Each structure stands twice: as C-alpha cells, then as structure tokens.
Amino acid sequence: MLPQNRETKKEREKQKNKRERGENSCNMAEPTQPLLTDSNSSSPRSLDDTIESYIGSFGWAQFLQAALVSFSGVFDAQQTFISVFTDSEPTWHCTDSNSICHESISNICILPKTAWSWDYSPHVSVISEWGLQCAGSFVKGLPESSFFVGCLIGGLVLSTLADSSLGRKNMLFLSCLVMAISTMLTVFSPNIWVYAVLRFVNGFGRATIGTCALVLSTELVGKKWRGRVGIMSFFGFMLGFLSLPLMAYINRGSSWRILYVWTSIPTIIYCVLVRFFVCESPRWLFVRGRKEEAISILKRVASIPSTDVNIGGAISMSFSSLPFEDEEEKPNNVNIFTTMKVLVEKRWALKRLSAVMAIAFGIGLVYYGMPLALSNLDFNIYLSAAFNALMDLPANLITLFLVDKLSRRNALIGFTALGGVSSVLIFALQNMRIGNHGELQLALELISYFSACSAFNMEMIYTIELFPTCVRNSAIAMARQALVLGGVFSPIMVAAGSKNAFWSFGLFGLAIGLLGLFAVGLPETRGSDLCDTMDEEECKDRRSKVAINSVIA
C-alpha cells in the first residue's frame, strides 16, 4: 500500500504543479513577458506574431502557394456534383403512335421495350446504359449514397493524419491522388455495383481535400489576410461546380464515361504540382518540433527579405516559450487519436465542436439538398445547376470583402436565418393552389442556396479561429463531416419531398434556421490571434473574460 500511496501523492503534486503553471501562464495582473525584444520594433507576443513579424503578413510567394493549394477545390467540386449528370435519368420518346405509349407517358416501366426509345444513346447515363430506369430508388441512388458514405468514413479515418503524422501537404497530395485514380478507374465500371464501390473510394479519398486546403492556405499567411485567403478555396470549389454544367452540356449525347475522363486527367496533373511545388505548413512543422524544415520554408515564402538572417533564432525562441504543460504533452508525441481525445476531454473544446458540427449539419442539408431538389421544381438540369453554381460567386465575394468587418457569430446566425426563411417560403408557395409561382420558387431556392454557401464560408473561417493549431485540422474536418452527413440525409428528404414539400424544403428551412442558433454560445473571434496549443487558447479565453468583466464593472 505504501508504494501506491506515494504514487497517489506524487500524482496530486503533479496536478497541483500543472494548475500553478497554468495560473502563472495566464496571469492577468501583469502582461506576459515578450518572447523577443527588439529595440526597433514592437515585440511579438506569440508564435503567430513572431512569424508574421519576420516574414511579413502577405507576399507574392505566399499568394502563389495559397492559390495553388486552393485550386484543389475545383476537382473536389467536380467529383461532388458529377453524379447530377452521370446518374440522371435521360429523356425518352415513343417510337410510334401506339396509344398505350401516349397514355402511359409518365410510366416507362409498364411499356413494351419496342414502344419507346431514349432521346440519345443509352450510354449518356448509368441509368440508361445498365437499364436501371425501373430499378428501386435504393439502386438508383446507391452510387451517390456510396460517395457520401465514403466521405464520412474517409473523414473519420483520415482527418487527424493532417494534424499528426502526415501533415497538411502530404494529406492533400494523398487525397487528390486517391480521388484521381478512382475517378479514372470509374471509366471502366462494368455494372452499377462496381461503379458504386469506386464512388465510395472516390468519396473516401476526397474527404479531407477541402479541410487540408483551407488550413494549409491560411497557415501560410498573417492573420490580416487569413480571412481573404480562406475564401480562395471556396472560389476554387465554385469554379469546379460551375465547370460541370458546361462540360456536361458539351458532352450531351456522349457517354457518361467521358465526363469522368475529362475530370480525372487534370486532377492527376494537379497531384504532380502539389508534390513538387507546394510547401508544408511552417506552423505545423514547428508544433511537431521540426524547426529546421519550418525555418527553411519560412525563408522561401518571406515577404521581408532583409530579415532572413533573424528568422531561425527568433522563431526558435518563440517556439521554445510555448506553454506546454509537460514533456509527454508536447506535439511530437501526438498520434492519430490524440487530437480527437483532446477535443473531447476539454469541456470548452467539446462545447465549441458540438456547436459548429450542429450548425454544419443544418447547412449541409440545404447545401447538398437544394441542387437535388431542383428536380421537384421542374427546371432544366443544365441551367439549374449553372444558376446554383453561380450563387457561390456572390457568396464568396460578400465573404471576401466583408470578412474583416463582419462579426463571425452574428454573420453566421444571419445567413442561416435567411436560408431557413427562404426555404420555408418555398414550401408555403408549393402549398398555395392559386397561380404559378415557379419563378418565385426558383428565386427563393437561389437565395436559400446562397445563404447556405455564405454560412458555410463563414463557419469554416470561424472554426479556424476557434481552435488552436494542434487540433485545428481535426476540428475543421469534423465540421465538414457534419456537413457531409447532411448530404447523406438530403437525397432521402428530397425523394420524400416530391410528394410533400414539407419533407424537403420545409425541413431544410427549419433545420438550418434552428441549428444556426447554436452560434449564440460561441465566442467572437474576429481579429484575434491564432493559438497553437490548448493551453494558449485557454489563456486567451481567460483574458477575454477578464476584459469583458472589467468593461461591465
């Protein structure tokens, strides 16, 4: 019993020392001692300030890196929405004046095969090529569902690798490579089952592209440009979405396999560019203890060449001053499960993560559901997809130019509320039996989709600022997983909404509007520094609370 008592006493002393170190590191009575001193400039207060002071907030090298990384959104969007065209049911016509064909024009399945024919070659869609026009909704929707399930599983399995062993760059390269290879292999699918498996693999690889691109691009620049650079990845996604209707229209009447060829070859070329020209995040390298590599990258992207000689020693001092509690808690010992464990064990982190995931789920229902629900509004598939893709442009522009002026919390609540009201109004119009409200319904659908895009943009930037470097990639990945989970449910809701609009537009509006209110409990982060460790984030919160209490008093 004596050894056990001594061990218990030792553990209590260790916990006491940790608490004392935490209190000392977050001492509110006196300002924290600067990490560096310089007679000619103000002293940086954190690793974020140190990096920005010695390499500059934003330069051409940083811009080119961020632009190249953000271009991954083009290929991400193409694989996300490609099934809108490859898996659609083609139009058909009667082959003769048979009265049975005309009387049953809405039900192709009871007609003899000799009474009708596809308007184009059967190879234009997987539905017509494999004769799935009379198959159940499960079989028809299996490839798209498999893709989103792959996104979910891939996000859960791969999300923490970018924070732990692989890093941002290698994870981006691996994800794009898996997506490119699976896209090319999809061209050779012999049946719906192999096609669904390859779509699952495609979604599995694609799962972390958006997360890695967003985090990597924003960690390469100073905090002043962080919001604007974060929007670049959304512009890439918009460009990819907008390119699909154009490619599909040019390819109309040709095999659906050609569309996969057109999207796979550029992705393979992009993988080569990422491998040889993209830099790893210097912030992540420092947190992982690889200081020499980080310093080398910082010198490459520095926009203040005159200070190159000071970068190494200055940032090394900053890194060594970070408030790690214990040797075993340093980032070098992080494994694939550690980041998620930290997020769950810290009460404040779990609260933030739960809130951003709830909001993302509501956004995902509208973001993925609205383009699918256009079939319920009876609009041309090419025009409707193009209109929805174009809605990304004003959403990105508004976020780009107002990101430094808008309150993160208030903007997120406002966008989700607008999307919710617009979607519920579509349901209300469909239940009105007076007049034709088709154009008004389309306008409301575009407003709702625009609001979802803007809310998504704002939440991703918000999430970057809510979590420290050691868990940031994992937190964003979980938020995106919640978004994809909304995409899994949205096709089912759209199918049910074909008979009763409440199950699609009604629930879409209620979900995004109500779940958006979770942002009320989150702290405002506009203009704040990015933290690197959980302790640093906690210290910042304590200072913020003390400042608020002093103002109230």
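Heads up, residue numbers simply count up from 1 along the chain you see.
Keep in mind that glycine also has a Cβ here, set from the backbone N, Cα and C atoms.
Listed in TrEMBL for this protein:
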- 1-44: region 'Disordered' (REGION)
- 1-14: compositional bias 'Basic and acidic residues' (COMPBIAS)
- 34-44: compositional bias 'Polar residues' (COMPBIAS)
- 62-524: domain 'Major facilitator superfamily (MFS) profile' (DOMAIN)
- 172-198: transmembrane segment (TRANSMEM)
- 204-222: transmembrane segment (TRANSMEM)
- 229-250: transmembrane segment (TRANSMEM)
- 256-278: transmembrane segment (TRANSMEM)
- 349-369: transmembrane segment (TRANSMEM)
- 381-403: transmembrane segment (TRANSMEM)
- 410-430: transmembrane segment (TRANSMEM)
- 442-464: transmembrane segment (TRANSMEM)
- 476-496: transmembrane segment (TRANSMEM)
- 502-522: transmembrane segment (TRANSMEM)
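Contact between the transmembrane segment (256-278) and the transmembrane segment (381-403) is absent: fewer than three CB pairs lie under 8 Å, with pairs separated by 6 or more positions in sequence. With respect to Cβ pairs under 8 Å, the transmembrane segment (229-250) is most closely packed against 204-222, considering the stretches 172-198, 204-222, 410-430, 476-496, 502-522. The recorded stretches the transmembrane segment (204-222) and the transmembrane segment (349-369) do not share 3+ CB pairs below 8 A when only pairs 6 or more apart in sequence are counted, and are therefore not in contact. Between the transmembrane segment (410-430) and the stretches 442-464, 476-496, 502-522, it is 502-522 that has the most C-beta pairs under 8 angstroms. Taking every recorded stretch in 172-198, 442-464, 502-522 and counting its Cβ pairs under 8 Å to the transmembrane segment (349-369), the highest total belongs to 502-522.
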